[in-house]
Structure formats: C-alpha cells, structure tokens
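*Asks:* Sharing a structure here in structure tokens format.
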Amino acid sequence: MSKHDTRDFVKMHGLGNDFVIFDGREDGFRPSPRQAARVADRHFGVGCDQVITLEPSSTADLFMRIQNPDGSESGACGNATRCVAALVLDETGGDQLVIETLAGLLACTRLPDGRVTVDMGVPRLDWTEIPLARAMDSGDIDLQLADKAGHQLVAPVGVNMGNPHAVFFVADAEAIDLPDIGPRVEHNPLFPERVNVSVASLMSRAKDHTRIRVRVWERGAGITLACGSASCAVIVAATRRGLADGRATIVMDGGELELQWREDDTHVLMTGPTALVFRGAFPLGDTL
Ligand SMILES: N[C@@H](CCC[C@H](N)C(=O)O)C(=O)O
C-alpha cells in the first residue's frame, strides 16, 4: 500500500451512534487496531463511535467486524448491525439477511416502515459469561460507588449480549455524572474484559408500554448517543429486576429503540432506524 492509497467507506448512524463501514468482502481487507483508531479519531480521521468491516462468511450472508476507537474489538454492536443490514439489503433488494459477528449469528429483517429488527440472540447471565472476576449473582453485582455529586450507584445487573454490560438502575439517569463513573466502572477489576456501563431509570410503566431512560458509557469509546446492545442489556436487566415485562421503549440521547425479550425462546429483539450519512474515501496509506 502506498502513502496515497485510499479506501472507500460508507458513514452511517443508528440514533446518532455512528460508524465508518469498510467493505472487505472481496479482498479480505481488515483494518489494524491502529488504523481503526485513526479512522475513528474525530480530530485526525473521519470520526465515528465504531469502525465496521464487512468480511466474507461461510455460515452467514457476511461477517461484521466491530472495532472501537481505542482499537479493541467487540462481539456485538446492535446499532451497527441494523445499519449493515440496511446497507446490504439495499444492495440485494431483499428484506432478510443473517450477519455473523464474533459472538454468533444475527437474523435481521427490514420492516415495511424501513426500520430494522435484529434478533440479538440469547443473553448470557452466568457470572463466568459476563464475565466477572469472582463468583456472584450477576443480577446483583457486588459493586457500589458514588459520582462526584454524591449520587449512589449500587448493585448493577450484568448481562452479556455478545459483549459485557453493567446496568445501574437509578432514580434519575440525567443526574448521574456519567463521564466520572463510566471509566471507573469500565476499568473496575471486577470486569476482566472491561464493561459497557448504562444508567437507567424507569420513565413510565404499563403493560406493553414501559419506557426506560438510558445513558451509556461504551467500553473503548466513551459516551455515545445510543447503544443497541446496551438497550438489549437494559430490557433483560429490567425484566430480571421486575421493572418491565419483557417489552420496553428504550429512550437514549439519540432517540428510541423498541426492545422485546421473547419469553418463548429467550431471544432479544431490537427494532430501530438507520441512516446513511455520506460515502467517502479514507487515506489509509497515511495510517501504516
Ligand atoms: N455501539 C454498540 C456497541 C459497540 C461495542 C462496545 N463499545 C463494546 O466494546 O462492547 C451498540 O450499538 O451495541
């Protein structure tokens, strides 16, 4: 690769959670951690919350690689899964496809209104699967901390949706100093693979109309306007805590997702919008 070589990309977002998407299905292109960090950097790159690369798959329509701005990889990205599904379904003209990630196979369906539903799979809840550093009930994690303003955050619920999540239920999610507590929880030794951190508060509850306000500090990325896998973790955590009945609207800074934790087979379904921002080319030769 020469210094002047560029790589085409598509910029998309799901509720303001934004992605630079590269297509490596033909030539096996895969950004190095350093290249991904450069592309994601809003000062020196295009800027995004995650770098996504489409690769060939032997078991699904395609494989989707997920890289954070710090170069680390993740097994799940709910918002990017919807975006990639919309992008590829535009190519094929269909309304269904299966995307492989490091965590498994995700069935995606485009609805008549243009939104995409992703079957995000079965949440993993054993302490070894979150994973946590020692044996405990993942529904009541032995962790307590306060933010700088003195708000107490107690006993988060652990959920693995292909990536690890800790969900704190609080009286008012708006009041929590997320830039303060997010990195402290992400890097707490209780979470050997680090963790995505959500603060959630119940806005209203009625059968099939539960609304939950959620703010997210993402592992390897920081605060984002929305996080699909965190929304999945929240419906699971809220249902485990008796705060919801397996269905909820999750309200994030960037908009709303509809979540369902299906009782018949315990799969989590996430439905929401996608948006194409622009197409461009990145001077990857500069990042070697
Ligand atoms: N934005 C994503 C999650 C991206 C990965 C996460 N930061 C991790 O490291 O697990 C989503 O929409 O789920």
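Every residue, even glycine, has its Cβ placed from backbone N, Cα and C.
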*Asks:* Quick check: of Q50, Q144, Q260, which does TrEMBL put in the same substrate site as N17, N68, G78, N79, N163, N196, E218, R219, G228, S229?
*Replies:* Q50
*Asks:* If you take the centroid of the Cβ atoms of N17, Q50, N68, G78, N79, N163, N196, E218, R219, G228, S229, the listed substrate site, which other residues of that chain have their Cβ within 8 Å of it?
*Replies:* D49, I66, S74, A76, C77, A80, V216, A221, T224, C227, A230
*Asks:* Same chain only, sequence gap of 6 or more: which residues have a CB within under 8 Å of the CB of N17 (substrate binding site)?
*Replies:* D49, Q50, N79, A80, T224, L225, A226, C227, G228, G254
*Asks:* Pick from C77, C227: which of these active-site residues has the biggest number of other Cβ atoms within 10 Å of its Cβ?
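*Replies:* Top count of Cβ atoms within 10 Å goes to C227.
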*Asks:* Might you list, by sequence position, any residue in that chain lying six or more from N196 (substrate binding site) with a Cβ less than 8 Å away from its Cβ?
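*Replies:* The answer is N163, P164, H165, A166, E186, V216, W217, E218, R219, C227, S229, A230, A233.
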*Asks:* For S229 (substrate binding site), list the number of other Cβ atoms lying within 10 Å of its Cβ atom.
*Replies:* 33
*Asks:* Between C77 (active site, proton donor) and N68 (substrate binding site), find the distance joining the two CA atoms and give it rounded to the nearest Å.
*Replies:* 10
